[in-house]
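Peer 1: Provided herewith is a single structure, encoded as structure tokens, for subsequent inquiry.
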Amino acid sequence: MYAETEPGAAAERTAFRRAEKQYKLYKPPSRKGRSKSSGGFGGGGGGGDLSAVVDFHALLAAGKGELPAGIRRCDRAGFHLPVFCFLDRPGFYFIPGALSTEEQCYWIRESLKTFPQPPNRTNLTATYGPISDLLIAAKNQKILVEVESSSGKPRDEQNNVGENAHPGKFKFVDDSEIQKEERPKSTMAAALVRKLRWSTLGLQFDWSKRNYDVSLPHSKIPDDLATLAKKMAVPAMPSGEEFTAEAAIVNYYGPSDMLGGHVDDMEADWTKPIVSISLGCKCIFLLGGKTRDEAPTPMFLRSGDIVLMAGEARERFHGVPRIFTEGDQQDISGLVSELSDDDDRFILDYIHNSRININIRQVY
């Protein structure tokens, strides 16, 4: 799934690594000197600005005028949304604004509430075991503690109303229930939400072996997510075939997180696309070549955008070197309005400086 990181000096010499570094280190100009545009149509040099970053939303807003060199519309009969492609990147499709604001908020909630639920695994599972109802615990300011006390005697395992006990070593409790000697071993549920980096749905991916482990307990992909992926995969699907969602990986990005250049090559049939859904803060996505020596094309990904990668595009290095958490560059004003209810307060606080990516796959 993720290619190995290049060693030291060699990594610095590749075109892909130089682009990663350029955009990771980018600093927005001060408000006084900031231009009205956050990016261009693409092409050109780059340097310390965002002028080389392709902005498909700007292209869409410009109407049916002439597109920049190397970019074309790839609209498909029966598919009602606009689709863009690169002439020299076959198999890559960009669908700007594919999801409404309401749909984006629904999938943000699902990504934080439902997708980390067991038997789905997360990056927290190895440390804490299965954690149920993490978002509910975070909203209620619960604290995760070890079930066994310092004396070695197990805690009272009986559930109270609203309390979530786990069969493993940890459970959520109220602050008032924690003994003084237990505090160093406790973790706020809200902090654990911030530590989420990935969760796996459907067939479970084994990160250590870089393959799917069918022996691991798993649930099928939620029906509504499978239906959405099937619908959005149409522009990249072979004629007469339908996409079947069998696995998904949800990536959670904090303010300084990045996803290094890699290829997605673990599925059996590359003619079936990866359906990648962006939620939350805007980011820069790099689409490179079949080696890191080829200079990547940078583009903005905003909340609600969907990217498809199939065929030859599956062999191309790609990554996310930067998400934008600065107030006027997040591009999440619609989400802020939609998540204004008290029940969404925690989610709104989270998404102000976070990004979520759901990528759905047909494994076999």
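For all residues, glycine too, the Cβ spot is worked out from N, Cα and C.
Remember, TrEMBL labels are computer predictions, not curated facts.
The following feature annotations were taken from TrEMBL:
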REGION    22-42  region 'Disordered'
REGION    148-168  region 'Disordered'
DOMAIN    244-358  domain 'Fe2OG dioxygenase'
BINDING   His262, Asp264, His318  Fe cation binding site
Peer 1: Between 0 and 100, where does the mean pLDDT of the domain 'Fe2OG dioxygenase' (244-358) sit?
Peer 2: 94
Peer 1: By a 10 A CB contact count over all chains shown, which of the binding-site residues listed here is most packed: His262, His318?
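Peer 2: When each Cβ's neighbours within 10 Å are tallied, His318 tops the list.
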Peer 1: Tell me, how many other CB atoms lie within 10 A of the CB of Asp264 (Fe cation binding site), whichever protein chain they belong to?
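Peer 2: Total other Cβ atoms inside 10 Å, all chains included: 20.
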